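Engineer: Dropping the structure in here first, questions after.
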Amino acid sequence: RSCEICHNLGKDCEGYSTECDSPEDQCGMVLLEVSPAPISFRTVHRNCFSSSLCKLEQFDVNLGHDAYFRGRIHCCEEEKCEVNSFPGLPFSQLNGYSCPGVLGLFSEDSSEHEALCRGTETKCIEIVGYRKERFPGDIAYNIKGCTSSCPVLRLSNRTHEANRNDLIKVACTDASKTTPSE
């Protein structure tokens, strides 16, 4: 199977086609969004994906301070997949749980704050790594926050993404029950 490979800021990208090998034999598109109120930052990535990544479909991480890191994954039979845009941010009620919250770009060490979990968010997730870019160089990232479920994150050596990402840490723990302040 041949799939389009590209990465860009915004909602779409144009790239080149390449043959994909098993197990990454499905074409896919990932939209990522960082939404610290009141602005949002979006990137799009088209690549060869495995069926396990395709099954993830979406993830939402509550970073605290009204900020979210969200992803939408769509796989298809065509070379160039399309994905629906993001729905509005989930503004559900606080649920009494909390996690360390941080969005560190360009640094794997970032100062934490408390992220107050909402709705069904009862897990804490932590993702630390580097994204290798030609310009301006490697980009470190450190993401922590509340989430509803913990995806299995692995990068296969067979994909282009394994050559562009270095996952240092992926951890998922139960969120802490917060005590109401007097």
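Each residue, glycine too, has its Cβ placed from N, Cα and C.
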Engineer: Pick from CYS99, CYS117: which cysteine does Swiss-Prot list as forming a disulfide with CYS124?
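Structural biologist: The record-listed partner cysteine is CYS99.
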Engineer: Using C-alpha atoms, which one of the disulfide-bonded residues CYS6, CYS13, CYS20, CYS75, CYS150 comes nearest to CYS27 (disulfide bond)?
Structural biologist: CYS75
Engineer: Tell me, how many other CB atoms lie within 10 A of the CB of CYS20 (disulfide bond), whichever protein chain they belong to?
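Structural biologist: Taking all protein chains shown, CYS20 (disulfide bond) has 22 Cβ neighbours within 10 Å.
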Engineer: Counting other Cβ atoms within 10 Å of each residue's Cβ, which of the disulfide-bonded residues CYS27, CYS81 comes out lowest?
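Structural biologist: Minimum Cβ neighbour count within 10 Å, taken over the disulfide-bonded residues CYS27, CYS81, occurs at CYS81.
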Engineer: Roughly how many Å separate the Cα of CYS13 (disulfide bond) from that of CYS81 (disulfide bond), to the nearest whole number?
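Structural biologist: The Cα atom of CYS13 (disulfide bond) is 11 Å away from the Cα atom of CYS81 (disulfide bond).
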Engineer: Cα-Cα, whole number of Å: CYS146 (disulfide bond) versus CYS124 (disulfide bond)?
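Structural biologist: Approximately 5 Å lies between the Cα of CYS146 (disulfide bond) and that of CYS124 (disulfide bond).
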